[in-house]
Amino acid sequence: MAVRRLGAALLLLPLLAAVEETLMDSTTATAELGWMVHPPSGWEEVSGYDENMNTIRTYQVCNVFESSQNNWLRTKFIRRRGAHRIHVEMKFSVRDCSSIPSVPGSCKETFNLYYYEADFDLATKTFPNWMENPWVKVDTIAADESFSQVDLGGRVMKINTEVRSFGPVSRNGFYLAFQDYGGCMSLIAVRVFYRKCPRIIQNGAIFQETLSGAESTSLVAARGSCIANAEEVDVPIKLYCNGDGEWLVPIGRCMCKAGFEAVENGTVCRGCPSGTFKANQGDEACTHCPINSRTTSEGATNCVCRNGYYRADLDPLDMPCTTIPSAPQAVISSVNETSLMLEWTPPRDSGGREDLVYNIICKSCGSGRGACTRCGDNVQYAPRQLGLTEPRIYISDLLAHTQYTFEIQAVNGVTDQSPFSPQFASVNITTNQAAPSAVSIMHQVSRTVDSITLSWSQPDQPNGVILDYELQYYEKELSEYNATAIKSPTNTVTVQGLKAGAIYVFQVRARTVAGYGRYSGKMYFQTMTEAEYQTSIKEKLPLIVGSSAAGLVFLIAVVVIAIVCNRRGFERADSEYTDKLQHYTSGHMTPGMKIYIDPFTYEDPNEAVREFAKEIDISCVKIEQVIGAGEFGEVCSGHLKLPGKREIFVAIKTLKSGYTEKQRRDFLSEASIMGQFDHPNVIHLEGVVTKSTPVMIITEFMENGSLDSFLRQNDGQFTVIQLVGMLRGIAAGMKYLADMNYVHRDLAARNILVNSNLVCKVSDFGLSRFLEDDTSDPTYTSALGGKIPIRWTAPEAIQYRKFTSASDVWSYGIVMWEVMSYGERPYWDMTNQDVINAIEQDYRLPPPMDCPSALHQLMLDCWQKDRNHRPKFGQIVNTLDKMIRNPNSLKAMAPLSSGINLPLLDRTIPDYTSFNTVDEWLEAIKMGQYKESFANAGFTSFDVVSQMMMEDILRVGVTLAGHQKKILNSIQVMRAQMNQIQSVEV
């Protein structure tokens with residue numbers, strides 16, 4: 001409590017002496033004062049001397065020998081000049097009554113002080129009345145010292161000084177009155193004044209003069225304003241002015257802004273001198289710039305790094321600027337077949353930092369054309385490819401007999417700040433002979449009671465010419481030690497002598513001159529049971545007998561037909577258990593992976609619908625509103641409530657009335673396709689309604705609709721990482737489809753749907769059929785009679801109708817471009833024929849605005865003319881995952897110095913001089929929706945538009961960040977074009 005009371009007392013200590021403003025001072029009079037006296041025999045004006053023996057006008061009275069004295073002295077009208085409390089300083093002398101011989105008992109040594117308020121000078125000889133009311137008594141004034149006869153003889157002056165105050169006063173002015181009632185005294189001097197708190201700089205703020213309050217205990221709050229180059233902290237700045245004109249109780253404070261330091265006892269905030277800086281607000285002094293940095297002017301908040309030196313985003317401002325490291329040294333490589341060990345020593349110069357790491361760039365130079373391309377994602381790095389902290393790495397899964405160039409980059413925290421590529425050391429190696437990689441997928445072609453025919457794909461990395469394959473198999477109930485091995489020169493084999501109805505485990509491996517590769521993952525297939533075999537024979541027997549009755553001439557044809565029918569019957573009679581097992585893999589393949597079955601291969605397409613799509617009762621479906629129109633009918637939104645499950649929001653495609661059987665079959669074929677897929681990035685089929693009208697396909701509902709329109713509506717609203725996340729989802733969905741041997745053929749942003757969580761899902765499987773052979777224009781016409789999407793389609797698919805997963809990869813590259821450009825039309829307003837011609841001449845789309853170079857490089861990889869050189873969807877997913885894990889890789893913006901060295905289509909901003917009006921210019925840059933806004937704001941000429949800044953663009957009403965950036969970039973180009981024209985004229 002004692003400490004708290006001491007703190008409160010310190011707050012009340014005055015900060016600076018009060019300022020006194022004099023309203024009246026009798027000592028300054030050079031002539032008679034002329035104050036009113038009553039009665040005339042009382043107070044008398046005489047000349048006298050002050051303590052310094054200066055001549056002054058005084059009043060005296062000494063009627064001590066007469067009783068009942070009531071002598072009044074009234075000043076002239078005194079204007080208060082805004083004061084609320086008045087102070088009166090009186091200097092006077094009083095005769096000691098005891099020193100006066102024979103003085104009566106009525107002798108006094110005191111007098112009274114009064115005041116009277118008025119708005120103007122209205123006093124007369126009789127008004128106000130000479131009495132206490134209407135006069136207001138201030139106090140009775142007594143002398144501290146009085147003089148006697150002895151003092152008079154010795155000419156000793158004993159002057160008393162007393163100060164009294166009164167208030168509040170509110171009229172324009174007042175009078176003072178002095179009442180003597182029987183004393184012998186002299187009123188030597190009277191000074192009337194008021195007090196105010198002085199102008200002061202306290203706690204970094206300026207407080208102007210403030211009048212004191214009306215009472216002695218009053219506290220008048222005054223707001224301060226920060227001194228130049230200071231700003232408020234804590235609470236609003238206040239000081240309190242007390243009744244005596246003293247500042248008390250400081251609250252809050254101002255501090256010097258960043259770039260300024262407090263000097264002259266905190267009364268001035270001075271800009272940091274050249275060569276110093278201050279990053280934050282406060283009263284501390286500026287500090288000298290760290291090494292390799294400087295300031296360009298006074299008042300710096302940070303020091304700018306010198307040329308060639310940089311500061312990382314997280315580096316403190318007082319840390320020296322650093323530079324990029326030099327290249328690693330003494331690289332040692334050790335090749336072992338298709339693997340490689342690299343070791344090196346650290347750079348000679350680390351750039352002055354301790355966060356040195358290494359990146360490995362792998363380039364394959366095996367094409368023989370002198371150009372190297374980046375290695376695919378199949379190459380493995382241990383411990384990792386980027387961000388190595390140790391000077392060594394193990395690289396495996398390289399291609400055999402291939403030349404590689406490895407760049408070992410030295411990077412640190414400021415490498416991204418430098419406009420130059422990282423310093424690196426490179427090493428060239430050639431891999432040796434190696435065995436092939438594992439076979440990735442195997443599927444059943446046919447089966448009987450004692451045989452199974454299998455087929456598989458070639459290894460992803462054959463590493464040479466495949467000589468033959470070795471198939472190993474054994475019964476599931478037995479161990480691997482009981483396996484039997486057979487060889488096949490091709491990738492198809494029929495295994496004979498199996499048990500009826502038994503489940504077998506199969507594995508296959510490839511052989512080159514380098515030896516056998518690894519076995520594939522285990523695959524499970526089951527032979528037919530005797531009952532299944534007999535059933536299939538009975539189903540086909542009438543066909544065989546009927547055909548033989550046609551005669552011996554057709555016997556050979558009948559036998560062939562019977563064999564074919566039996567074979568297809570065997571394939572169709574697979575048990576449910578086999579249907580599940582034949583698609584199951586372990587090891588290399590993803591568990592649960594299935595192979596896509598084209599529903600058009602079914603003799604009865606309705607059978608495909610029954611097999612792959614779930615029939616839903618119409619009573620479970622509730623259509624709510626139409627949201628669009630499709631090729632076969634309307635697209636609606638609604639709800640689906642299945643028994644025992646919660647109600648969900650769904651999209652419903654309906655088949656319009658009056659349909660033909662072919663239209664019904666084509667409509668339901670999409671459900672037969674979708675029903676085979678189960679992946680979070682592929683649109684999910686809930687089921688179909690075929691037993692009532694209208695026929696419906698019911699899918700999950702995607703709240704944000706198609707990706708292209710969604711991006712256009714949200715132009716510039718997403719971060720690069722969010723866009724990469726969308727691309728990663730699309731790639732994951734396409735990887736799943738490719739692994740099922742499904743080719744989409746119409747991959748485009750318009751066929752990607754987006755839900756409320758920004759999850760992108762592949763949809764629209766209407767073009768996923770082979771082109772008809774009898775089409776009149778195979779370059780442009782599809783099996784469904786619609787146009788091939790030229791802008792999204794790979795050149796080999798346009799020219800030869802060769803659709804593969806590799807052609808889907810090309811389309812995916814176009815989707816990447818659509819996403820990064822926020823739904824801009826690929827190839828802009830070029831005609832389809834111009835697009836085909838440009839692609840044939842190896843022209844490719846340029847990077848969209850603000851597109852990271854790594855993403856544009858991936859687009860260019862997808863647009864390789866040779867489809868075998870394009871990445872697979874699995875590699876694309878891995879690449880995007882690495883970008884998401886390392887966002888710094890997305891900081892470098894295109895243009896990119898690519899190893900592919902493909903020419904890019906020029907989509908520069910047009911020269912403004914080719915347009916007659918601002919409206920035409922806005923249309924040309926695809927911003928025509930703002931024509932009216934520009935006109936209303938007065939931006940109707942190119943001279944005015946060229947001066948627009950970001951605040952002007954906002955004022956016009958352009959709120960989308962992408963549109964703001966596009967217009968601002970176009971204006972900057974316009975300025976450059978204007979400057980160029982002016983320089984030519986000069």
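Using the three backbone atoms N, Cα and C, a Cβ is placed for every residue, glycine included.
Note: Swiss-Prot links Cys62 through a disulfide bond to Cys184 (candidates: Cys97, Cys107, Cys184). Among Cys97, Cys197, the cysteine that Swiss-Prot records as disulfide-bonded to Cys107 is Cys97.
When Lys653, Lys662, Lys691 are compared with the ATP site residues Ile627, Gly628, Ala629, Gly630, Glu631, Phe632, Gly633, Glu634, Val635 in Swiss-Prot, the one appearing in that site is Lys653.
The record assigns Ile627, Gly628, Ala629, Gly630, Glu631, Phe632, Gly633, Glu634, Val635, Lys653 to the ATP site; their largest pairwise CA distance measures 14 Å. Reported as a whole number, the C-alpha separation between Asn428 (N-linked glycosylation site) and Glu631 (ATP binding site) equals 56 Å. Close to the recorded ATP site, the chain also has Cys636, Thr654: residues not among Ile627, Gly628, Ala629, Gly630, Glu631, Phe632, Gly633, Glu634, Val635, Lys653 whose Cβ is within 8 Å of the site's Cβ mean position. Least crowded of the recorded positions (Cys107, Ile627, Ala629), judged by neighbouring Cβ atoms within 10 Å of its own Cβ: Ala629. Mapped onto three states, the DSSP output places Lys891 (ubiquitin cross-link) in coil. Taking DSSP states H, G and I as helix and E and B as strand, the domain 'SAM' (913-977) has 46 helix, 0 strand, 19 coil.
For the pair Val635 (ATP binding site) and Asn482 (N-linked glycosylation site), the C-alpha distance works out to 57 angstrom. Of the candidate recorded positions, Asn336, Ala629, Glu631, the one lying closest to Cys62 (disulfide bond) when CA atoms are compared is Ala629. Taken residue by residue, the domain 'Fibronectin type-III 2' (435-530) breaks down under DSSP into 4 helix, 44 strand, 48 coil. Candidate recorded positions: Ile627, Ala629, Gly633, Asp746. Nearest to Cys97 (disulfide bond) by Cα distance: Ile627.
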